[in-house]
């Protein structure tokens, strides 16, 4: 569905925003708790890997190399989580389906307009309403409590990177913890850790459990997201088995629509997704 708009102005929408409307934030207590728990689990893995496994080791080159790899992936995972959490996923302007606003928009005569009765907005194609965000989200894939936000058109790249880097540090932690166990078994436990043997065993076992659980969970989620992008179909569209009324992109174009042209920026949470055209920015301006 295409819209032809005439020029109009709208007031700044502060719904789901903080810091004077500069940052997108969802005030959902369950999502906030899950996001804080995510940070806590990352910090726990950071503590065990650094202070139980790597720093006490006598193999300086082994320790240094693993420190660089683990710290880099942890930083990128944490940054990806924050970008996913505080990025507007593609919210449709709330309350723009009023008669006054519609009169200012240049619709063709007889053109069908889809409205969302819950947030009173003109609903673009492939947009779905999120009951938690209380907004219609463009190309909404799902609402994820772990990032306290919807995964949609504007932040799907960051969510994919989040799952990728969490899976990476989980597998890395699993390898380091298992290797530490074998090392301590072959030598004296008191010589391979700065903590008591019982405390070390408990910390390593919990790290292995956490790493194994999140490696499986995030790897499955990563595969699901890549498949959805590859097929140009969101999670909700797959779940509802919606018939594709839109022109599907090729697989490579679908990937580029999320990550942009292939470059090192694909793996960076600091590089944003493909910029929208002036027409799209105007169409969805808040």
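Using N, Cα and C of the backbone, Cβ positions are placed for all residues, glycine too.
Heads up, TrEMBL stuff is auto-annotated, nobody curated it.
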Which range, 198-222, 223-247, 248-272, does TrEMBL list as transmembrane segment?
198-222
What else in the chain is close to the transmembrane segment (32-55), if you only count residues 6 or more beyond its ends and a Cβ gap under 8 Å?
63, 66-67, 70, 74, 77-78, 81, 85, 145-148, 166, 169-170, 172-173, 176-177, 180, 193-195, 200, 203-204, 206-207, 210-211, 214
